[in-house]
Amino acid sequence: MELPQLEHVRLRRCDSAEQKKLTQTPLLKIWVPWMGCNLNRRRGSSVPQFCNSPTMIVMVGLPARGKTYISKKLTRYLNWIGVPTKMFNVGQYRREAVKIYKNFEFFKPDNEEAMRIRKACAAAALKDVAAYFSKEQGQVAVFDATNTTRERRTVILSYAKERGYKVFFVESICDDPEIIAENIKQVKFGSPDYVDRNVDEAMEDFVQRIDCYRASYMPIDDEKDRKLSYIKIFDVGSRYLVNRVQDHIQSRIVYYLMNIHVTPRSIYLSRHGESELNLSGRIGGDSGLSPRGQKYANALAAFIHGQNIRELKVWTSHMKRTIQTAEALGVQYEQWKALNEIDAGVCEELTYEEIQQNLPQEFALRDQDKYRYRYPKGESYEDLVHRLEPVIMELERQENVLVICHQAVFRCLLAYFLDKPADELPYLRCPLHTVLKLTPIAYGCKVESFFLNIEAVNTHRERPVNVDVNRNPEDALQTVPDHI
Amino acid sequence: MLDNDEFMLETSPRELTQNPLRKIWMPCKNGHIAQRRVCMTNCPTLIVTVGLPARGKTYISKKLTRYLNWIGVPTREFNVGQYRRECLKIYKSFEFFRPDNEEGLKIRRQCALAALNDVRQYLSVEGGQVAVFDATNTTRERRGTIIKFAEQNGFKVFFVESVCEDPDVIAQNIVQVKLDSPDYTHCNTEEVIEDFMKRIKCYESSYQPLDEVLDRDLSYIKIMDVGCRYLVNRVLDHIQSRIVYYLMNIHITPRSIYLCRHGESDLNIKGRIGGDSGLSARGKEFAKSLRKFIQDQNIKDLKVWTSQMKRTIQTAECLGVPYEQWKSLNEIDAGVCEEMMYEEIQEHYPLEFALRDQDKYRYRYPKGESYEDLVQRLEPVIMELERQENILVVCHQAVMRCLLAYFLDKTADELPYLKCPLHTVLKLTPMAYGCKVESVYLGVDSVNTQRDRPENVNVQRTTGDALQTVPAHL
């Protein structure tokens, strides 16, 4: 049961004379009761708040079972959907404490000195988790370590219980030697632990490292641990056991973990070809491609053909310019309304000059906080992310996909794949007529950029120096790109 | 598959035209809309329930069917017990289900096959996408028959097994749904429970649950102890993933969902749609009445949700409790028609006005939304409503219609015309296989905002015909 937020409970008499007026916050366009200057304790928020108590996600599993892969990916996803999340990798703490890794003997169960260090590292990590929750307003902490003994997990559970944190375990179980060898190759060879070792030495040492844990490994037990909340992932997602999901965020985490896979594939992101409105420097609308935009569509078709991609899926928005672009490919495509460009509300089809002329305050507010700023009767980047979440979920399920979309949408998707924070997201460079090929690799994503050699206007407007609402028009329009 | 044969470099691209009703861009050549190549990669799915009697299989089947249909996936359930009732006419006692009752076994097998035949008809001929095969399916042999059937017809199979040994839960099930079963119309409560328990026993000895090893190549979810625990094996595709997510979010803890619209707004009074106006004087009265109503209901741990529009927030503010604002609960976006009266829409956009009456569910306002879009937008809200317990949702007419259609299993044609008057609270309480609805009018006058489908929906109709059903306003 979630505790009510006590600071918000106010039982007031509700006479019409006393009914509080509502005011709309100028940046987020959220209606809140007028509280004079006390707007920061408002009750509304632009996206529903689902976390009351902080949550610790605790990884469990032998080395090379994908714990860090899952931790990083989950952290990236949660941050993208707006849940402040941070990863705490105990191995990192150990590297800072020990400085030089000699060999697997450090991990031998009878190595008392090492045991002491490792325990201290886990404790230090837990302390940092507490600091993250209490001082940095974190909501989820991912505690990435083997946590293979019941004893260690008990320590974590007590720590969490004392402080009112919820705990959700994620255990990865895999005995397929090929998968484990692949893991070691992908991420261990590049580890700081093996920087001076060749591939065979690293492999041999790591295998013995895994053996050190094996004897004392106590997987989460169906009977003994039936009161705990956890998901057990078997054989890289073939099978899952889910126990006692407590709340919304745990339910979302389970859904996400059940949709991700490790099959190699590439995601191609592109904007529509240059549009008529692009040429005249107008935002939004639903115009068709310009002649150069049409050329790009043809070039894209040739490029895709040249890439020789297995079973490529193609997605577009519901807007004419992305569909026209896809049409040139001559293959099936799926239209997603969720991929439509950000709704600029009253500013639809205006130039930046017109926005400055008619709505100078709005224009300034947008520069002050481009991520959270919502156009009047329109959307914000924050709204866009919320709208795109099912697209991301389906992209995770898919294999080879080409997404033809729009500038703001592209930025949101790119920020997800490249783990860009909210303040960078609205300024990511996504020029027209350029395809990005994203290939998941190790813990991240390889990016290859292909400019298909067809000229186009620049639609990227940088944050100007002066974002004050009283600035003069030149300062406001300082960074507007050229157009007709 | 992108290979040399299929790839065509279009030198002259196909023209795009926007479908006037749905506002979807489609290719057309010489003025003819090209037949969109239907994506046939989604083969139909057969969901097969597994479990002893009184384990919630029919409850899950019906709920899942309702959810899938609401999100736009044509789904139908096939309850083998129904086929048995039609075949047998009169149910005498549990003896029919005894494993040594050869006559009974023959009939039951025939019924299963008849149901499978209807499944084939629905999925292969009638364009259904998901069929839910609701029966005990407790033996490996029976499941083998179904798997073979599915293979022959190109259906994917996904099993949903419900396992429960808690005697309280089972007793509660029997009381909730078996007492009212057609099998037991002439029995009192004790008789029903006694017979049904013996019926369950008939299945127990031959019950072979899905096995982690033997069935490792099957796709399934095992639900244990009413959702405490799940085992999920080999989810194959998007629809199975959605089904698993849904099943993992539903619960059976008793609770009530209160739905109401914002109080009457200033634009309501003027007969204008959309916008973001505040409450009228009567709307504020309603907010106060709502507060009293909610207090009198004495609801445990009530959550309150609103949209991000002024009128719902003003309504909730009066309750004096914390509330959550959801942008997804915002009213349908009427695009260029925002803040217009129906008379003005008829004057400026008579074609649009007629198209809307022709297919109100799929019709999308220019630069706006359709009810179909709304449902998609509201799906995460429904998912979270399933997770929650007692909750009050203060929303808008079109939104409330969509939510109501989900809870009351209304079709897409009925949905846009569901009656959701102002100043009326609907209390929905899940019960047996459905939902009890109590409608409470809080006694504060308001305008009527319900516009029924007029008789004449032809684009050439007269203004009089078009405005025939517009409710009165200032």
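A Cβ is built for glycine as well, from the same backbone N, Cα and C atoms used for every other residue.
Per TrEMBL, domain '6-phosphofructo-2-kinase' is recorded for A:43-264. Within the model, the domain '6-phosphofructo-2-kinase' (A:43-264) carries an average pLDDT of 93.
Around the Cβ of A:L277 (substrate binding site), the number of neighbouring Cβ atoms within 10 Å comes to 20. According to DSSP, A:L277 (substrate binding site) sits within a helical segment. TrEMBL lists A:R271, A:H272, A:G273, A:E274, A:S275, A:E276, A:L277, A:N278, A:R321 with the feature substrate binding site.
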Starting from the substrate site formed by A:R271, A:H272, A:G273, A:E274, A:S275, A:E276, A:L277, A:N278, A:R321, give every other residue of that chain whose CB sits within 8 Å of the mean position of their CB atoms, in sequence order.
A:S287, A:G288, A:L289, A:S290, A:G293, A:L432
Taking residues A:R271, A:H272, A:G273, A:E274, A:S275, A:E276, A:L277, A:N278, A:R321, which bind substrate in the record, the widest Cα spacing (Å, whole number):
14
